[in-house]
Amino acid sequence: MTIRTRFAPSPTGLLHVGNARAALFNFLFARHHGGEFLLRIEDTDKERSTQKAVDVIFDGLAWMGIEADAEPVFQSARQDRHTEVALELLAKGQAYKCFCTPEELTAMREKAMAEKRPPRYDGTWRDRDPSEAPEGAPYVVRLKAPREGETVIKDLVQGEVRVANAEMDDLILLRSDGTPTYLHAVVCDDHDMEITHVMRGDDHLTNTFRQAMIYRAMGWDLPHFAHLPLIHGPDGAKLSKRHGAQSVVDFREEGYLPEALCNYLLRLGWGHGDAEVLSREEQIKLFDLDGVGRSPSRMDYVKLAHLNGIWMRQADDERLTNDVMERLQGREGVVTDDKTRARILAMMPGLKERAKTLVELADNAAFAGFTLPLTFTPKAEKLLGEDGRRVLEGVGKELAALKDFTPEAIDATLRSYAEKHEIKLGSVAQPLRAAMTGSTTSPGIDLTLSALGQDEVLARIAAVLASGSANA
């Protein structure tokens, strides 16, 4: 048997982190077992489904490196098949036409609530002859659900779960306008796509009992179900905007690498030893459902940022530089030309050691494209007082005399200057850093000066010396 999983989002908004994790788990499970991972867009809600949301799903999955093994299936294109199955159930006596009016259904609900019973359809038309209905009256098609016994699901994560059939009502398969309901369409699609394992959030668990009834009414084998615990905020409440990023788009814009997000989401609810950083190959090799817990997971943004920093330090410098240049586009006071790009690329080994997100990395690298005169932070301005400017004037002359403006030559020059004037190396490096960046942080000063280039370094020193004060 070929293992076949699917990710089936509704295109009604952004790709939420919970759905992204479900997609990742389905993808890894299929790859681990040498199976297939499929994508289905459940777009039957025409009022809420948009092409923009479809594109967001496709872009998000591609960014995460999650690739389907076949062209995506659009649920709306399969409506004829959904209708065909419902009519087959009708012909087999496993479904029936219900002619109840909206008013009758409302009265039914109100009566149940008044009697403190769950508001369920009471089966008024379950055994009645359709000929009793007024000619041309609208109807829905309902499943004739079993009323005795239990429906049992052997869930691969939650264990054995069961519900008394008496607690379930006869769910609608086709609405009065002939369109299929979500629960019915999903069963038809999963069966026809030969899905062997359905992995989704445990908020779908109650739906599974109803869907199992459709499978059994059609005489179809049920897939294996695995309902994954939800992701909560750090405080244990439902994840919301007040906690921070929620969607893949949010995390991407906030500067997280896809490798880091996938790595984090995998370990959020799945455990395997103490390994913190796992490559995609390792994820595929190790992932299986026996490591998935039942309890909700809590989003830890601090841990994610830490993990992102690890992945950034391992990332290719060209790739990081390209991302930084995109983020700096249009920023006031920053030139984003080839010269700036070359400077950032040269400094990237030092820049990426300090940053935990690409946003932070871009902020730290922006000085490479600053236009003169620079604006200085209060701490930087303090370093550029009388003593600092004296250092700049003196060391500037020695830097101007260098024929090879390499990190090694610069380091030797700064050390020699400090030794000659009997001051600490930091007393030389700190004013230089302030003059170059407008702040007090940068990669190593030798790497920073070399990357900026001799002409730019001397120009920035001159700009400080020419002003009455740093921010004049």
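The count begins at 1 with the first shown residue.
Glycine residues also receive a Cβ, built from the backbone N, Cα and C atoms like all the rest.
Small disclaimer: the values here were computed from a predicted structure and weren't measured.
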Range annotated as motif ''KMSKS' region' in Swiss-Prot, from 203-207, 238-242, 313-317: 238-242
Counts by DSSP class (helix H/G/I, strand E/B, coil) across the compositional bias 'Basic and acidic residues' (112-131): 5 helix, 0 strand, 15 coil
Same-chain residues at least 6 beyond the ends of the region 'Disordered' (112-133) whose Cβ lies under 8 Å from its Cβ atoms: 96-100, 104-105, 139, 142, 144, 167-170
